[in-house]
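Asker: There's a structure below that I have some questions on.
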Amino acid sequence: MAVEGFSTTAFCYGQTGSGKTHTLTGPPGLFEKNPDPYSEDHGLVFRSFMYLFELLKQRSEFHFILKASFLEIYNEKVIDLLNPGTARKPLAVRWSKKSRGFFVENLFTVDCEELDDLLAVLEEGMRNRSVGRHNMNDYSSRSHTILTVHITSEQQMGEDGVFISKQGKINFVDLAGSEMTKKTHSEGKTLEEANNINKSLMVLGYCIASLSDSRKKGGHIPYRDSKLTKLLADSLAGNGVTLMIACISPARSNVSETINTLRYAARAKKIRTKPIVVMDPREALILSLKREVNALQSENDHLRSAINFAQDKPPGTASSDPGANSFMQGRLVLKTPPTVDLEKLAEMEGQELSELVRHYMTENEALRKENAELFTTRELVLRDQELVCRENERLLKKLEDVNSVCCRSPIIPARPTYSAEMLNMSGNGDLDATNVWVNPLNASLTNTLGGSTNSTLPGPRFKQDILEGRKSAKPPHRLPESIQKELDKRSIGNSMMNIAESYREKSHRRHNSWDNGKGMHGSTGSADSTSSARRNKLKELADNPNQDGNSRVPQRTSSTPIGSVTTESPLPEVSLQRRPASISRTTGLTDEEQTHIRGLVAA
Ligand SMILES: Nc1ncnc2c1ncn2[C@@H]1O[C@H](COP(=O)(O)OP(=O)(O)OP(=O)(O)O)[C@@H](O)[C@H]1O
C-alpha cells in the first residue's frame with residue numbers, strides 16, 4: 001500500500017522481553033554476522049525491504065524514489081540514529097501546517113537506490129539505538145525506534161506528458177516494552193528510562209482508548225502529551241493504514257501483562273482510519289480536474305444524446321407541443337463550452353483548466369436546471385390531465401343522475417329540450433301544478449280527447465307512453481331545421497286560425513245569447529251549450545286535419561320548448577311562458593291576443 005501512495009505503519013507492542021525487536025529485526029547481533037539475505041532469522045523489516053524491491057522491479061512504468069530515516073525516542077528526546085553526533089543532540093518535533101501533522105526537524109534522510117542502502121540504514125540505526133540490560137532482557141530496548149522508508153512514485157498519465165507523483169511511506173515502530181520495575185529490578189538510569197517508557201506507553205494507551213471509543217468521537221485525543229504519540233498520531237488516526245503486532249510472553253508469571261497487552265490490542269482494533277493517497281497538491285488538483293473534465297464530458301454527452309433523442313421524436317409528440325418548442329428553443333441557446341483537444345490538455349495551465357471546468361460546470365448546471373424544469377412541466381401536465389379526467393367523470397355521473405331522475409318521473413319525458421323549470425316539477429304527476437303555464441286550449445283538448453289524441457301530438461303521446469310504463473319510450477327525434485321551422489309556422493298558423501274560429505263562434509253565440517236577453521251570466525244552459533259547441537268544434541277540428549295532413553290544433557313540436565311558441569313574421573309572436581294579467585273568461589285569451597285575432601278576422 002505504501003507503493004500506492006498510502007501512509008502505512010507496523011508497530012510492535014508488548015511487555016519487555018516479549019520479542020518485539022526480535023519480530024522486527026531478528027535476534028540481537030544478526031547483522032554483525034553478515035547473514036544470508038534469505039536467512040530465516042530476518043525480521044519483518046528486512047523481509048519487507050526484500051519484498052519492496054521485488055515489487056518495484058515489477059512496476060517498471062513507475063519511477064520510484066526511496067528515502068529512509070531512523071530515529072529513537074529516548075527519555076522523551078528524539079535522537080537521529082543515522083546521524084546521532086557525538087553529543088546525541090535531540091531534535092525538535094514540530095507541527096507542519098502544510099501536511100497537518102508532526103514532523104522531526106532536521107532529521108537525516110538517506111536516499112536509497114539499492115536494497116543494500118536500506119539494509120545499511122537498518123544496520124546503522126540498530127547499532128546506534130539505546131540498548132540496556134535488566135533482569136528480564138539482556139538486550140532490552142531502552143527507547144522507541146521509528147524506521148521510516150519514504151516511497152515516492154511518479155507515473156506518466158496518458159500520452160500528454162503529465163507526471164503524477166504519490167508519496168507513500170512505511171513506518172516500522174519498535175516500542176520499548178512496558179516494565180514492571182519490581183520485576184526488572186531497575187535502578188538509577190534504567191529506572192528513569194523505565195519510567196519514561198511507561199509514561200509514553202501510558203499516553204499511547206490513552207490515545208488508543210480515546211480513538212476506539214465511539215462516544216468520544218471528535219473529542220480531544222492527547223497526542224501532544226508525549227513525543228511518541230505526536231509522531232504516531234498520523235498512523236493511529238490519520239489517513240493511513242496501521243498494523244499493530246501485540247507481542248506477549250507465554251510465561252504464566254506474565255499473565256497480567258499479557259492480558260493488558262491483549263486489552264490494548266482489542267481497543268486498537270476498534271480504531272477506524274480513512275486511508276488516502278498522499279499526493280502533491282498541484283498534481284492532485286490536475287488529476288482531479290482531469291477526472292472531473294472526463295466525468296462532465298461523459299455527462300454532457302449523455303445529456304446531449306438524450307436531448308437529440310427528444311429532438312428526433314416524430315411530429316405530434318414532444319416537438320409538436322408549442323410549450324415544448326419554447327423549451328427546446330430555450331435549451332438551444334445554451335452556451336456550449338469550447339471543444340478541447342485532449343492532447344493539448346497537458347499543456348494547459350491550471351487557470352485554463354479551471355476555466356474550462358467552470359465552463360462545463362455552468363453548462364452542466366444549466367442542463368440540470370432544464371431537466372428539472374421539464375420534469376416539473378411533465379408533472380403539471382399529468383396533474384392537469386388527471387383533473388380534467390376527474391371533472392369529466394363527475395359531469396358524466398351528473399348527466400346520468402339527471403337522466404335517471406327524468407326517466408324515473410312518470411310525467412317528465414327525458415328530453416333534453418325541456419327547460420330547467422321542468423326539473424322543478426313536483427312529483428305528483430300533475431303538469432298543471434307546476435309554475436309553467438299551459439295553453440288552456442291544449443289542456444282542454446287533452447282533457448276532452450283523453451288518450452285518443454291522434455298521433456300528430458308527439459308531446460302528449462310521449463307522455464302517454466311514459467304513463468303506460470313503456471320502457472322504450474324515447475323522445476322523438478329532431479327533424480331537420482328547415483322542415484321543423486316550416487312545421488312550426490303551419491302549426492302556429494293553424495292554431496291561430498283555430499283560435500280565430502273559436503273566437504268567432506264564441507262571439508256568435510254570445511250575440512245569440514244577448515239576443516235572447518240573457519246576458520253573459522244569465523243562463524247556465526247557455527254556458528253549457530257554449531262549451532258543448534266548443535267541444536264539438538274542437539273535436540271536428542281534431543278529426544279533420546287540413547290539407548297538409550296536420551292537425552289544426554296547436555301542437556308542441558320537439559324543437560319547441562314547452563310553454564313557448566315562437567313564430568316568424570307575418571305571424572305575431574305570442575309568448576305563453578307567463579300567465580297574462582287579464583284573460584277573457586269566455587275565450588281564455590288575453591286582450592292582446594283578442595286584438596290580434598280581431599285584426600286577422602277583419603283582414
Ligand atoms: N520468536 C522468538 N524466537 C526466538 N527467540 C526469541 C523470539 N522472540 C524473542 N526472542 C528472544 O527473546 C529475547 C527478547 O526479545 P526482544 O529483545 O525482541 O524483546 P523485546 O520485546 O524487544 O524486549 P524490550 O522491550 O525489552 O526491548 C531476545 O533474546 C530474543 O532473541
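Placed from the backbone N, Cα and C atoms, the Cβ positions cover glycine too.
Sharing the feature lines straight out of TrEMBL:
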- 1-271: domain 'Kinesin motor' (DOMAIN)
- Gly14, Gln15, Thr16, Gly17, Ser18, Gly19, Lys20, Thr21: ATP binding site (BINDING)
- 286-313: coiled coil (COILED)
- 468-603: region 'Disordered' (REGION)
- 478-491: compositional bias 'Basic and acidic residues' (COMPBIAS)
- 523-533: compositional bias 'Low complexity' (COMPBIAS)
- 544-569: compositional bias 'Polar residues' (COMPBIAS)
Asker: Report the mean pLDDT of the predicted model across the coiled coil (286-313), rounded to a whole number.
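Answerer: Value for the coiled coil (286-313), mean pLDDT as a whole number: 75.
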Asker: Around Ser18 (ATP binding site), how many other C-beta atoms are within 10 angstroms of its C-beta?
Answerer: 25
Asker: Under 8 Å Cβ-Cβ from Thr21 (ATP binding site), six or more apart in the same chain: what's there?
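Answerer: Cys12, Pro28, Tyr139, Ser141, Asp174 - these are the non-local Cβ neighbours of Thr21 (ATP binding site), listed in sequence order.
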Asker: Of all the binding-site residues given, Gly17, Gly19, which residue's CB has the most CB neighbours within 10 A?
Answerer: Gly17
